[in-house]
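Trainee: Pulled these features from Swiss-Prot for this protein:
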- THR2: N-acetylthreonine (MOD_RES)
- 15-50: domain 'EF-hand 1' (DOMAIN)
- ASP28, ASP30, ASP34, GLU39: Ca(2+) 1 binding site (BINDING)
- 51-86: domain 'EF-hand 2' (DOMAIN)
- ASP64, ASP66, SER68, THR70, GLU75: Ca(2+) 2 binding site (BINDING)
- 91-126: domain 'EF-hand 3' (DOMAIN)
- ASP104, ASN106, ASP108, TYR110, GLU115: Ca(2+) 3 binding site (BINDING)
- 127-160: domain 'EF-hand 4' (DOMAIN)
- ASP140, ASN142, ASP144, ARG146, GLU151: Ca(2+) 4 binding site (BINDING)
Amino acid sequence: MTDQQAEARSYLSEEMIAEFKAAFDMFDADGGGDISVKELGTVMRMLGQTPTKEELDAIIEEVDEDGSGTIDFEEFLVMMVRQMKEDAKGKSEEELAECFRIFDRNADGYIDPEELAEIFRASGEHVTDEEIESLMKDGDKNNDGRIDFDEFLKMMEGVQ
């Protein structure tokens, strides 16, 4: 078992591994311990993942190193964990987008110093003008006096 495969197993509960194994085994018709790359998308969708054709091609290219056209269960686990992490990343970005919309009170696509101060006041935090200025300086990478969504995402990376 490679380090990558051991890490994938450590990320999953025994229950999840058993669920993945059951799905994997359904497509391992001959019981040989591997499935064809063609069946991979079907198995992933059955397990609640939604890879695009491009994502599936990229995943398969990474996993099927020997070009055999088959993927064993350990390779499958590594791939599923990768896909789960990608899905989680997408969800957290959606949540951050919702936060940004709430913070952007005037809906102009930016958080300005007044809106930032209002966020803290609404949460009961007392912040000084200097603290707001410092936060703006940290988040406002292009120095236009306001924080756009990309700057907000970068700012929030350190918080999560």
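Counting begins at 1 with the first residue displayed.
Glycine too: its Cβ is placed from the backbone N, Cα and C atoms.
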Trainee: So if I draw a 10 Å sphere around the Cβ of ASP30 (Ca(2+) 1 binding site), how many other Cβ atoms end up inside it?
Mentor: 6
Trainee: Within the same chain, where does the domain 'EF-hand 2' (51-86) have neighbours whose Cβ lies under 8 angstroms from its own Cβ atoms, ignoring anything closer than 6 residues to its ends? I mean 6 or more beyond.
Mentor: 1-2, 4-5, 7-9, 11-12, 17, 20-21, 24, 33-37, 40-41, 43-45
Trainee: Using DSSP, would you call GLU75 (Ca(2+) 2 binding site) helix, strand or coil?
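Mentor: In the DSSP reduction, GLU75 (Ca(2+) 2 binding site) maps to helix.
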Trainee: Inside 8 A of the center formed by the CB atoms of ASP140, ASN142, ASP144, ARG146, GLU151, which other residues of the chain have their CB, for the recorded Ca(2+) 4 site?
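Mentor: Apart from ASP140, ASN142, ASP144, ARG146, GLU151, the close residues are TYR110, GLY139, LYS141, ASN143, GLY145, ILE147, ASP148.
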Trainee: What is the separation, in Å, between the Cα atoms of GLU151 (Ca(2+) 4 binding site) and TYR110 (Ca(2+) 3 binding site)?
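Mentor: About 10 Å separates the two Cα atoms.
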Trainee: Tell me, how many other CB atoms lie within 10 A of the CB of GLU151 (Ca(2+) 4 binding site), whichever protein chain they belong to?
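Mentor: Around GLU151 (Ca(2+) 4 binding site), other Cβ atoms within 10 Å: 19.
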Trainee: Determine which residues of this chain, when ASP28, ASP30, ASP34, GLU39 are set aside, have a Cβ within 8 Å of the centroid of the Ca(2+) 1 site's Cβ atoms, and list them as they appear in the sequence.
Mentor: PHE27, ALA29, GLY31, GLY32, GLY33, ILE35, SER36, THR70
Trainee: Of the binding-site residues GLU39, SER68, THR70, GLU75, ASN106, which sits closest to ASP140 (Ca(2+) 4 binding site) by Cα distance?
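Mentor: Looking at Cα distances from ASP140 (Ca(2+) 4 binding site), the smallest one goes to ASN106.
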Trainee: If you average pLDDT over the domain 'EF-hand 3' (91-126), what do you get?
Mentor: 86
Trainee: Long-range same-chain neighbours of ASP28 (Ca(2+) 1 binding site), Cβ under 8 Å, sequence gap at least 6?
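Mentor: For ASP28 (Ca(2+) 1 binding site), the qualifying residues are ASP34, ILE35.
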Trainee: When neighbour density is defined as the number of other C-beta atoms within 10 angstroms of a residue's C-beta, which of the binding-site residues GLU75, ASP104, ASP108, GLU115 has the lowest density?
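Mentor: Among the binding-site residues GLU75, ASP104, ASP108, GLU115, the lowest count of other Cβ atoms within 10 Å belongs to ASP108.
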